[in-house]
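Chemist: A single structure is presented below for examination.
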Amino acid sequence: MSVPAAAGAARHRRRHVLDLDDFSAQEIDEILETAVSMKEVLGRAIKQVPTLRGKTIVNMFFEESTRTRISFELAGKALSANVVNFTARGSSVEKGESLIDTVRTLQALGADMLVMRHSESGAPYLVAQHFHGSVINAGDGRHAHPTQALLDLFTVRQRLGRIEGLKVVIVGDILHSRVARSDLWGFTRMGALVTLCAPQTLIGPEAFWKATWPDLTITSNLDECVRDADVIMTLRLQKERMEAGLLPSLREYTRFFAITAERVARAAPHCLVMHPGPMNEGVEIMPDVAVSAQSVIEEQVANGVAVRMALLYRLSGE
């Protein structure tokens, strides 16, 4: 069996996926359309097509990951690629080998694509300068997480039928979130109206955001900004921020910024509640909201496989 014909439309010709800042709305649209075809593949009795047979994908994760790593592994295997999972622990990296030397070694071993997560912002960009194949950023420091943003866009469009004109509220630790930055690029590029909501200490100077996204709304009043929202995206509160003195207490944060049923009731009746995971239930989102009919958190996880299949397919040139 092959990939559905719709996925064989004009192919995305870029070599790497490092962030969404240089993606056009048309490029994003093409990826989302390809993901629809890949979701159809995943709905078959045999969830595999031979599209990337003979290709080798190396998942290089220098940070712990469950959703993203497994999602990429499943995506590669569904396309019949050889998937190798690399971890720094026990590798030559622990013996002092540089990142670039490691990449050159993987290249010599025949890797065609690298999927990379790293704690240092910009690490995938550096690797892309030295690797002859394709590099996909699976999250770098607090900089970017483009595939998370793409699966968020896909989930919203699958549920609501469009992205343009929607009111999207992103709540939480904006300042330190790679997801927030990539979601900003994705949702604004596709025509959504985005509001950022966070304590001042977790969002930073308004001028910083407005310089890139002048139409952005920035506030610390969650009760007001969720009114008539189509999408509420809450981010994981990194508890180390409290230790750094950026928050008085978790209880205080939850009081003003947690997604509760009462706050969701202020939003549009069709409002989607989203979270990139992992969640701190009872802190940034209440347990009843996380499993409510309006929550699409599990759908985000499931859709990640189809979206990452679409990216691997389009980058492969097959």
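Even glycines carry a Cβ here, placed using N, Cα and C.
Source: prediction; values computed, not measured.
Features from Swiss-Prot:
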{"type": "BINDING", "residues": "Arg67, Thr68, Arg117, His145, Gln148, Gly277, Pro278", "note": "carbamoyl phosphate binding site"}
{"type": "BINDING", "residues": "Lys95, Arg178, Arg236", "note": "L-aspartate binding site"}
Chemist: List the same-chain residues at least 6 positions away in sequence whose Cβ sits under 8 Å from the Cβ of Thr68 (carbamoyl phosphate binding site), in sequence order, or say none.
Modeler: Arg117, Ala138, Gly139, Thr147, Gln148, Gly304
Chemist: Near Arg178 (L-aspartate binding site), meaning Cα within 10 Å, which of Arg67, Gly277, Pro278 (binding-site residues)?
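Modeler: Checking Cα-Cα distances against Arg178 (L-aspartate binding site), none of the binding-site residues falls within 10 Å.
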Chemist: In whole Å, how far is Pro278 (carbamoyl phosphate binding site) from Arg236 (L-aspartate binding site) when you measure between their Cα atoms?
Modeler: 7
Chemist: For the recorded carbamoyl phosphate site, whose residues are Arg67, Thr68, Arg117, His145, Gln148, Gly277, Pro278, find every other residue on that chain with a C-beta no more than 8 angstroms from the centre of their C-beta atoms, and list them by sequence position.
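Modeler: After dropping the recorded site residues, what remains is Ser65, Thr66, Ala138, Gly139, Val179, Pro276.
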Chemist: Hey, which of the binding-site residues Gly277, Pro278 is the loneliest by Cβ count within 10 Å?
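Modeler: Each of the binding-site residues Gly277, Pro278 was scored by Cβ atoms within 10 Å; lowest is Pro278.
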Chemist: Are there residues of the same chain, six or more positions away from Arg67 (carbamoyl phosphate binding site), whose CB falls under 8 angstroms from its CB, and which are they?
Modeler: Gly277, Pro278, Val301, Gly304
Chemist: Could you tally the C-beta atoms, other than its own, that fall within 10 angstroms of the C-beta of His145 (carbamoyl phosphate binding site)?
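Modeler: 26, counting other Cβ atoms within 10 Å of His145 (carbamoyl phosphate binding site).
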Chemist: Using other CB atoms within 10 angstroms as the count, which residue among the binding-site residues Arg117, Arg178, Arg236 scores least?
Modeler: Arg236
Chemist: Enter the number of other CB atoms within 10 angstroms of the CB of Gln148 (carbamoyl phosphate binding site).
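Modeler: Within a 10 Å radius of the Cβ of Gln148 (carbamoyl phosphate binding site) lie 24 other Cβ atoms.
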Chemist: Quick one: what's DSSP say for Pro278 (carbamoyl phosphate binding site), helix, strand or coil?
Modeler: coil
